[in-house]
Amino acid sequence: MEWLKELNQQQLEAVLSTEGPLLVLAGAGSGKTRVITYRIAYILNMGLAKPGNILAITFTNKAADEMKERIKKLVGIESFSEMWISTFHSACARILRMEAHSIGFSNNFVIFDMQDRHQLLKECFEKLNIDQDRLELRYVSRQISNFKNMLISPSDTHKMGDVDPRIVEIYRLYNKLLKEYNALDFDDLIYHTITLFRTNPDILERYQQKFKYILVDEYQDTNDAQFKLIYLLAQKHRNICVVGDDDQSIYSFRGANVRNILEFENVFSDAKVIKLERNYRSTKTILSVANEVIKNNTSRKEKKLWTENNEGEKIYLYTAFDEIDEANFVSMSIKNLIQSGVKPSEIGILYRTNAQSLNFENALSSHAIPYKVVGSLRFFERKEIKDIIAYLRLVTNPHDNLSLFRIINVPKRGIGPGTVEKIKVLSDEYGISAYSLLKERGAMEFDRRTYLKLNEFIFLLEDIRAEADSKSVVEVIKLVLDKTKYMETLLSSKNEEDFQRVKNLEQLISAAAVFEEENEDKSLQNFLNSITLSFEEDEAQKEDRVLLMTIHAAKGLEFDVVFLTGLEEGLFPLLRAEDINGMKEELEEERRLCYVAITRAKKFLVLTYANNRRVFGRFSSRQRSCFLDEIPANYIQQVYTPLRKINFSDMSFNENQQSVTKDSLAVGDIIQHNRFGIGKVLSLSEDLNEVLIEFENYGQKRLLLSYANLRKIG
DNA sequence: CACGTCTTCCTTTTT
DNA sequence: GGAAGACGTG
């Protein structure tokens, strides 16, 4: 295990301490992912456990995939499907698929996303005759989610003090409907898994036995339910390793509880604690700025990140006239940076809210800079995609009323709101699903003309279902598009938008094709499962483009250059007048968010804010963010024009302790590259600046040694 | 019942 | 400035 030499003292200790509870406090850029992957590789290589005995929880599916790739490289084993590397939600879905009957669901349950949840809540409001002003709906939705994240059932809500009885009523009905539709929402996945374990000790025992080693990444962002789950599972072997950084806890709105990390040592009294405080990512300046900002928070574990990296440049600050000026400054600076040799994909534009992306998109495209927006309008949330998915869901489960009502008149087939309302009322009355009602009682309850239309619809669904059995996912989708005339309707439209929709649907088909290639379980069921739980973008990720995203989405990523934008009071920190009570805590979370943003930067950090900004289309004047005042002036270089070209190669430093330098590399060496993986050195240029490498998976590449950040592995 | 225009409300952040 | 719902007309 040569690769163990790549680790520093603390990292190594974290890898080798395989037995018993372990808390790794890993500061930003301190190599925490490396610790987790190497730890798993070590456990496997030492024969301490089989792949099937390992449960590794990551925060996103993307992170899970990356982790699998890295471990694969270290260990080179094949039995990966046996190793559970996934998010909490995916892991729970996987368990529940097998055990659903034990909690009163059938194993072909569907997973409701946030849109679905809102839709269903709306139904609840209607059924209970509760005035649904929109604000209330969002509030109720959040409440219910909080309850589930704290493992509080409808009948337990009184424990939370004064809860609006209407909310309890809605909560109860909402759960009841979910069950009728055989559906689970995101929070249910965790909640029900815990219920399953609590009510079926034998099942719990089985999983406890199975998971000899449990690892949790981004532990600071776990909520009460997730903690409970881990706690239950780890009881048997107690080999539980959690990795996190309380300073990067940014998901309390989702129920994340920082106390989980702060109190780990109390819950597991024999826990070992290892701190990783050496940062390998950023310049000294950037790290100092991050430290200066975060030290204003009161409730945190004391720690001091340090680095051996260069001092680096001062950070830049630009004050824009308005948000358009801001976007232009950023775009023109990026143009110059790219001309200086910075790769577009090494540049990130970060902002607090998704709504801010638009100006940057406009400015970037007018400067012909390649970019990609991460997140925002997610593919699987588009109308046309959700429509088709609704059909697919009905194929697996005809009693999913929500999906049925979504597409009962899509494309238009003459079934209007009046008829839909009648179906709802009647199916309620008879206590059966809308589908059953139409099938069994349609002829009696509706007049002839309506009945014919309804019958045609039911027939369509059954027709699709009958054929779907013997078909692959791709074929089923095509079948739906064809039989429903969905595609036909779009194609005959002269609307520009509809043309885009056709392209999106084509993408859905290719996404399904990729799914079939990559998954062992190729069932429609599993397809539906995977698309609600992950928003895996298509392969465009590898392309060399500037990335735009929210700070939340940037967690775990790093860039040579980061533009942190919109640093204005009210926007970042984003605080609302309503919650004066939670003010301090909320501000601290915003500050952590700021800390996360700053520590994404490796070499350059550029901060911007605008004196004026159009909010909801209204022009309003702005004040600079309080976070800016927390940065000592000597770190800041105020600029008034876009950044000029720079000598970028001067900026490089060794980010990894084992990075190769000119003298240490020879022809024939085996190296590892962050992006391209493992390769062999074919030749070196005379001045030793350039190197030609044959990569296992990417073929030959000519790289500049000063950027390439190669690690020698043999 | 479909389609077009008018109004309202809006914005956190995501699995 | 834009989406989603309300309202009114063909």
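Every residue number used here counts from 1 along the chain in the order it is shown.
Glycine too: its Cβ is placed from the backbone N, Cα and C atoms.
Taken verbatim from TrEMBL:
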DOMAIN    A:5-283  domain 'UvrD-like helicase ATP-binding'
BINDING   A:Ala26, A:Gly27, A:Ala28, A:Gly29, A:Ser30, A:Gly31, A:Lys32, A:Thr33  ATP binding site
DOMAIN    A:284-556  domain 'UvrD-like helicase C-terminal'
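All features noted in TrEMBL, drawn onto the structure.
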residue	record	contacts (Cβ under 8 Å, 6+ apart)
A:Ala26	ATP binding site	A:Lys32, A:Val35, A:Val243, A:Gly244, A:Asp245, A:Lys275, A:Leu276
A:Gly27	ATP binding site	A:Asp245, A:Asp247, A:Lys275, A:Leu276, A:Glu277, A:Asn279, A:Lys303, A:Leu305
A:Ala28	ATP binding site	A:Asp245, A:Asp247, A:Gln248, A:Asn279, A:Arg281, A:Ser282, A:Ala290, A:Leu305, A:Tyr595, A:Val596, A:Thr599
A:Gly29	ATP binding site	A:Asn279, A:Tyr280, A:Arg281, A:Ser282, A:Leu305, A:Glu558, A:Thr599
A:Ser30	ATP binding site	A:Leu276, A:Glu277, A:Arg278, A:Asn279, A:Tyr280, A:Leu305
A:Gly31	ATP binding site	A:Leu7, A:Asn8, A:Gln11, A:Leu276, A:Tyr280
A:Thr33	ATP binding site	A:Ala63, A:Glu66, A:Met67, A:Arg70, A:Asp217, A:Gly556
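One way to see the shell of the ATP site is to take the Cβ centroid of A:Ala26, A:Gly27, A:Ala28, A:Gly29, A:Ser30, A:Gly31, A:Lys32, A:Thr33; the remaining same-chain residues with a Cβ within 8 Å of it are A:Asp245, A:Leu276, A:Asn279, A:Tyr280, A:Arg281.
Within the model, the domain 'UvrD-like helicase C-terminal' (A:284-556) shows a mean pLDDT value of 87, rounded to a whole number.
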